[in-house]
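Beneath this line is the structure, given in structure tokens, with notes to follow.
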Amino acid sequence: MYYGFDIGGTKIALGVFDSGRQLQWEKRVPTPRDSYDAFLDAVCELVAEADRRFGCKGSVGIGIPGMPETEDGTLYAANVPAASGKPLRADLSARLDRDVRLDNDANCFALSEAWDDEFTQYPLVMGLILGTGVGGGLIFNGRPITGKSYITGEFGHMRLPVDALTMMGLDFPLRRCGCGQYGCIENYLSGRGFAWLYQHYYHQPLQAPEIIALYDQGDEQARAHVERYLDLLAVCLGNILTIVDPDLVVIGGGLSNFPAITTQLAERLPRHLLPVARVPRIERARHGDAGGMRGAAFLHLTD
């Protein structure tokens, strides 16, 4: 059995998957915020409960926001303060007497989608998250590409390309990002960026769901806004695709629930790609909230 943990600032979610990649059991508990020992106990107790329930010693994978293992072997995860700065992988591997694998939550999202029954035919899968921020991951032959610093797939911290500034206007504001840089694309393409663009052009502070509701009602202003957003997304994604050249792009995050994102994007991409490039298949994520657990569990699938 494959045990997958999706760990965030408020909850520890465990999903148990069988050899057919089907979810058999899941359980959630609150994430301890202050005590590392309590955090380790919470994870180990869930593993012990799963072992008893299924009568086996399942493999353990964990998806967590941040950098799963720094140069000194410790976790960096600002949203999980009880475990940040601690040698989480080594400590859990020792306590559970098995190989525990960690990856960041964006890679786990991408891995979950790459192992969807319909998507396993594609060697190179790119996961793109358009949510509170912009992120994602790359999966090659069923394995995540992490890079030395676990930042592969941090697409949101690419800066706006020149052709985006040409399209939006050379006086378009380069907003300061939380990473400290200016002009990172997540400030324009995330859910918050979607709302910011609307306010920038129309001087109305609406949230993304409100704008999308207006779009669905045929509001001309909202429709013009969506056209502009999709054009900007296509420009930025075109730059990424020229480097990555995936077979499949799977889009997750809150904005993936807006059908125009996946249905109207492909037709805008060719003019931003090399003439010989083929547009990848573009799909909405299939596994929703379970994706983090699935991807974490599947860190062991290619053993």
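Yeah, the Cβs are placed from backbone N, Cα and C, and that goes for glycine too.
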Listed alongside Cys177, Cys179, Cys184 for Zn(2+) in Swiss-Prot, from His157, His200, His203, is His157
Around the Cβ of Thr10 (ATP binding site), other Cβ atoms within 10 Å, all chains included, total 11
By a 10 Å Cβ neighbour count, the lowest-scoring of the binding-site residues Gly133, Gly137, Cys177 is Cys177
Row His157 (Zn(2+) binding site), column other C-beta within 10 angstroms, all chains, value 18
Integer Å value for the Cα distance linking His157 (Zn(2+) binding site) with Gly4 (ATP binding site) is 28
